[in-house]
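Trainee: Sequence annotations record features per position, and here TrEMBL assigns transmembrane segment to 45-65, 85-104, 111-129, 141-159, 171-192, 204-226, 275-295, 315-332, 339-359, 365-390, 402-422, 428-452. Residues or ranges marked as domain 'Major facilitator superfamily (MFS) profile' by TrEMBL: 45-460.
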Amino acid sequence: MFSHKEKEHPTLSDDAHYDDDAPDMVVCPPHTTERKLITKIDLHVVPFLCIMYLLAFLDRVNIANADVFGLSKELGLVKTQYNNALVIFFVPYILLEIPSNVVLKKLKPRVWLAICMFGFGLVTMLQGFVQSYSGLLATRFFLGVFETGMFPGAFYLIGMWYRRHEAQKRYSFFFSSTTLAGAFGGLLASAIGKMDGMRGYAGWRWIFILEGTLTCVVSFFFFFLLPNFPEEVKWLTNEERDFVQARLRIDQGRSARERPIKLADVGRIFRDPKIIVGGFMYFGLIVPAYGYAYFSPAIIQGYGYSKIQTQLHSVPPWAAAFGFAMTIAWFSDRLKHRFLFAIFPICVAITGFAILISVHNNHNLQYAALFLVAMGCYTAMPVIVCWFNMNLGGHHRRAVGSAWQVGFGNIGGIIAVYAFLAKDAPKYIPGYSICIAFVTLSALSCVLYFFMCQWANRSREKSVRDVGLTEYEKTELGDLNPDYRYLL
């Protein structure tokens, strides 16, 4: 059986052909090259998932832009009612992550994701018509129900298409949909806000109505355009499909796509302590990430900008985060390493929060610190999620593990929405303090996960290589297979 160490991967160059009998070699179909095939996969998988998640994140956080245009004032929200409306989103979003990935595996991904997409688009549009605090709570709750499958489902799906050392650029580009949504949301809100009073609706209502309608329309097209698993797609020939599956099998082991996920599988997966640590890696970054996404417009408005200027000034930090995330991803894939490329952005984020918590009379420096916060958080998160997900072998471990990481991590969203309260404006010292603490938790979890993976690799190097496992047993074990090596 082939060892899953990165250094032992065969070099699948464009013109390489290998002996069919070699168990660790894969022959590219003669009518194409591996590079062309990967480009074909990129064009069918990544762009549509990116657009889908851009719209999902936009519909999730556009409430922050709407609040700048008077949502709380018109609905009469007082004290922590606005924060309550934010937090109720996370209740179904957290609880339904794992069930959603189980359904996604059972149905075709394009079917399940398109249904969810139409659902959260419709709910977003309905937010534009709410007349009370209770109506806002109801729409935010159902938004969480329909959005629950987007993020873990897309990460799970991407992980079933690419080898581990190819994945970070794709994960980061997908995850950067959030930064593009933040930038796009600010620009869109500044334009839509000028519709204030049109047909008797306030500007904040038009933000929900138009952005929700756009999502619903796009979901109809995406029912046909979103990708499925490699075993199911029609746009690959049989030869290409076999090649894609074989190269992934060498890198990650057999996928067990055909076997349903059972409750006993979930229990076995959680016996692995690395699974728990992976949840805390993500959990620590969710607090500052959602804190920034939901409250950066209010923080920027506190620097003395008008409503329109606030929306426009929210765009550059998101754009910088996108550029920084893609740069880090390129180097991470190039060097086939994750740990240091997770820790460095975390340090950048801590630097930004340190400035914000200590400087209160220099708005230019404070605004620059927001760049560091956005760049650090939204760069470290895709590295961490990719690192964890791509170290999980097989469909069942990856489906449950990815949903667990995202589901548990999003508990941090509940903390984030209560970290930045109106009574703490404009300094927000409690919020910044909480963010520093949780970013530090993420860094410590990354260090622990690194040493756990390193210890597992070294233990397997020293142990007997051939322990007589059948192919079925190796498939069931996934990354716990003694031949598997974790990416560090």
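A Cβ is built for glycine as well, from the same backbone N, Cα and C atoms used for every other residue.
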Trainee: If I count Cβ-Cβ pairs under 8 A between the transmembrane segment (85-104) and each of 45-65, 171-192, 315-332, 402-422, which range comes out on top?
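Mentor: Comparing 45-65, 171-192, 315-332, 402-422: 402-422 has the most Cβ pairs near the transmembrane segment (85-104).
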Trainee: Taking the transmembrane segment (275-295) as reference, which of 141-159, 171-192, 339-359, 428-452 has the most Cβ pairs under 8 angstroms?
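Mentor: The listed stretch sharing the most Cβ pairs with the transmembrane segment (275-295) is 428-452.
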Trainee: So which of 141-159, 315-332, 365-390, 428-452 is most in touch with the transmembrane segment (339-359), counting Cβ pairs under 8 Å?
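Mentor: Per the Cβ count, the answer is 365-390.
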Trainee: Counting Cβ pairs under 8 Å to the transmembrane segment (171-192), which of 141-159, 315-332, 402-422, 428-452 comes out on top?
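Mentor: Comparing 141-159, 315-332, 402-422, 428-452 against the transmembrane segment (171-192), the winner is 315-332.
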Trainee: Tell me, what is the mean pLDDT of the domain 'Major facilitator superfamily (MFS) profile' (45-460)?
Mentor: 88
Trainee: Same chain, outside the transmembrane segment (111-129) by at least 6, Cβ under 8 Å from its Cβ: which residues?
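Mentor: For the transmembrane segment (111-129), the list is 52, 55-56, 59, 62-63, 100, 103-104, 136, 139-140, 142-143, 145-150, 153-154, 201, 205-209, 211-220, 222-223, 226.
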